[in-house]
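**Q** First the structure, which I've put down as structure tokens, then a few questions once you've had a look.
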Amino acid sequence: MEGGAMMLLEVKNVTKKFGDKVVLKNISFTLEEGESLGILGKSGAGKSVLLHMLRGMDGYEPTEGQIIYHVSYCEKCGYVDVPSKAGTPCKKCGNELKKIEVDFWNDKKYTYNLKRKIAIMLQRTFALYGEKTVLENILEALHQAGYEGKEAIDMALKLIKMVKLEHRITHIARDLSGGEKQRVVLARQIAKEPFIFLADEPTGTLDPQTAKLVHSALKELVIKNKISLILTSHWPEVIAELTEKAIWLDKGEIIMEGTSEEVVNKFMETVKEFKKPETEVEIKEDIIKLENVSKHYCSVERGVIKAVDNVTLNIREREIFGLVGTSGAGKTTLAKIIAGVLPPSKGKYWFRVGDEWVDMTKPGPMGRGRAKRYIGILFQEYALYPHRTILENLTEAIGLELPDEFARMKAVYTLVSVGFSEEEAEEILDKYPHELSVGERHRCALAQVLIKEPRVVILDEPTGTMDPITRNTVAESIHKSRIELEQTYIIVSHDMDFVLNVCDRAGLMRNGKLIKVGKPEEIVALLTEEEKQEMFGQK
């Protein structure tokens, strides 16, 4: 930082235990006013726990150590600002601001006012009023920050412009896409006029193109305005792009700190790129046949929507097939038809069970019901049973009745195949979903699909929450299980790098139509500039 920058935050020898489990161990670092810090690490390294602690969330108090904030404070009205504002008049009441040092978890007198000025963005959790419009959501936050009347409207419009949502002002929040919701959250948090901004994997589950929009909004609103930023990510590129210095967290400990570039380079040395196995796999005859399949919806605003439009496709047994295209191209709808979750509006669909072809357009136990048990599917909006342990989620909760010892052994084996070490797998079996990180929950949901040993596995955006190391492990386990369990995979994705690395063939979708089926390299040659932007260059 430039000379004269003031200390804003000190994290001193912090350890956090949940029961006997140490999740953070002896963590120390400092942050100066206006500085940006990245926290990089694999899923489950302790990044989110640390951010929740810095925000003062219930249950996240340090077991040992201190969190110290240095701020300027108005004794009269409780207004909080950055330390360099000490000695200037309070924005609210005109009283002089005093510089204070707050032991965040122990000085209860100041905690409430400080928490109100700490902004936080979490992955997969959108703190919005679902029934209110984008404008109303932002105005609500501005009113809480003391803005009134025309001043509030002007400020709201300025924020909406900065997050590039002018075309969504009157849309209600629950109808927005994930990336749009994140940008409304960002605008609401900036409306608080925070003295520090905490972003926990803010683009962890978004496609690269949408992630870029959120990143540019963060740059515009946080970095340009010199608001101190702490950002966690399992994507090294995000840390390098958005922060000046970084720490690398692994199993709750800091194993390196330095400039973002130094830390990212060191982290990347540990990532071994997955390469398709050399061994030839015998791809068998067709297992799925679609002929002129369509799925139409009626919408008041847009009339008839052709989500899937006249698709003909054959997928062979033991094949790893990629369904690619930009958001809204029809990939997920087609995957739901293949899974037997959605019936097509028209067309024919057969699924082979043994030597018999099942007509998937017919409902009931002799139609779709007969084949569905052989198909496993993991959607983007997966959900584990919150009040059941991970072991129960992998066994009895999904109707898998096994003797105790065998159930445990099979669960560990399956968890190892999705990137956990044997020790980690043993450890999480008796935990509940809320005790795991978002990335760990995603892998458990993937294990929940694989443990049933389906003949066809459909994965919808499987790499969304995965760090590069886990991504490669999952790629490896897909290839392994196709050989050992003779499984067929359909991977629905806009992560073209993953598809190139993993799939034998791919199909490109545009506006509900299947444009081309061929080798992944052939599909890449057909992509438009816009498609390349959305489908390449993770986060």
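Keep in mind that glycine also has a Cβ here, set from the backbone N, Cα and C atoms.
Below, the features straight out of Swiss-Prot:
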{"type": "BINDING", "residues": "GLY41, LYS42, SER43, GLY44, ALA45, GLY46, LYS47, SER48", "note": "ATP 1 binding site"}
{"type": "BINDING", "residues": "GLY325, THR326, SER327, GLY328, ALA329, GLY330, LYS331, THR332", "note": "ATP 2 binding site"}
{"type": "DOMAIN", "residues": "9-276", "note": "domain 'ABC transporter 1'"}
{"type": "DOMAIN", "residues": "288-536", "note": "domain 'ABC transporter 2'"}
**Q** If you count CB neighbours within 10 Å, which one among the binding-site residues SER43, SER48, THR326, SER327 has the smallest count?
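**A** Across SER43, SER48, THR326, SER327, these binding-site residues, the one with fewest Cβ atoms within 10 Å is SER327.
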**Q** Would you identify which of the binding-site residues GLY41, GLY325, GLY328 has the most other C-beta atoms lying within 10 angstroms of its C-beta?
**A** GLY325
**Q** Out of SER43, ALA45, LYS47, point to the one nearest ALA329 (ATP 2 binding site) in space (Cα versus Cα); all of them are binding-site residues in the record.
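**A** Given the candidates SER43, ALA45, LYS47, the nearest one is SER43.
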**Q** Give me the long-range Cβ neighbours of LYS42 (ATP 1 binding site): same chain, 6+ apart, Cβ under 8 Å, in sequence order.
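**A** The list for LYS42 (ATP 1 binding site) reads HIS234, ASP250, GLY439, ASP467, ILE469, THR470, given in order along the sequence.
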**Q** For LYS47 (ATP 1 binding site), which residues of its chain lie six or more apart in sequence with Cβ-Cβ distance below 8 Å?
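**A** The list for LYS47 (ATP 1 binding site) reads ILE39, GLY41, ASP200, GLU201, THR232, HIS234, LEU249, SER437, given in order along the sequence.
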**Q** Between SER48 (ATP 1 binding site) and GLY328 (ATP 2 binding site), what is the CA-CA distance rounded to a whole number of Å?
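**A** Rounded to a whole number, the Cα-Cα distance is 31 Å.
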**Q** Measuring CA to CA, name the entry from the binding-site residues SER43, GLY44, ALA45, GLY46 that ends up nearest SER327 (ATP 2 binding site).
**A** SER43
**Q** Work through the binding-site residues one by one (SER43, GLY44, ALA45, GLY46) and name whichever has its CA nearest to the CA of GLY330 (ATP 2 binding site).
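**A** Nearest in space to GLY330 (ATP 2 binding site), counting only the binding-site residues, is SER43.
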**Q** Can you tell me the mean pLDDT for the domain 'ABC transporter 2' (288-536)?
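**A** Across the residues of the domain 'ABC transporter 2' (288-536) the model's pLDDT averages 88 on the 0 to 100 scale.
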**Q** Between LYS331 (ATP 2 binding site) and SER43 (ATP 1 binding site), what C-alpha distance do you get in Å?
**A** 27
**Q** Can you give me the Cα-Cα distance between ALA45 (ATP 1 binding site) and THR332 (ATP 2 binding site) in Å, rounded to a whole number?
**A** 31
**Q** Taking only the binding-site residues SER43, GLY44, GLY46, which one has a CA atom nearest to the CA atom of THR332 (ATP 2 binding site)?
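**A** Result for THR332 (ATP 2 binding site): the nearest of the binding-site residues is SER43.
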**Q** Counting only residues 6+ apart in the same chain, whose Cβ is under 8 Å from the Cβ of GLY46 (ATP 1 binding site)?
**A** LYS16, VAL23, LEU24, LEU249, LYS251, GLY252
**Q** Would you list the other residues of this chain near ATP 2 - those whose C-beta lies within 8 angstroms of the C-beta centroid of GLY325, THR326, SER327, GLY328, ALA329, GLY330, LYS331, THR332 - in sequence order?
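**A** Same chain, not in GLY325, THR326, SER327, GLY328, ALA329, GLY330, LYS331, THR332, Cβ within 8 Å: HIS494, MET509.
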**Q** Same chain, not part of GLY41, LYS42, SER43, GLY44, ALA45, GLY46, LYS47, SER48: whose C-beta falls within 8 angstroms of the C-beta centre of the ATP 1 site? Give them in sequence order.
**A** THR232, HIS234, LEU249, SER437, GLY439
**Q** Among the binding-site residues listed here, GLY44, GLY330, whose Cβ has the fewest other Cβ atoms inside 10 Å?
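**A** Selected from the binding-site residues GLY44, GLY330 on minimum Cβ neighbours within 10 Å: GLY330.
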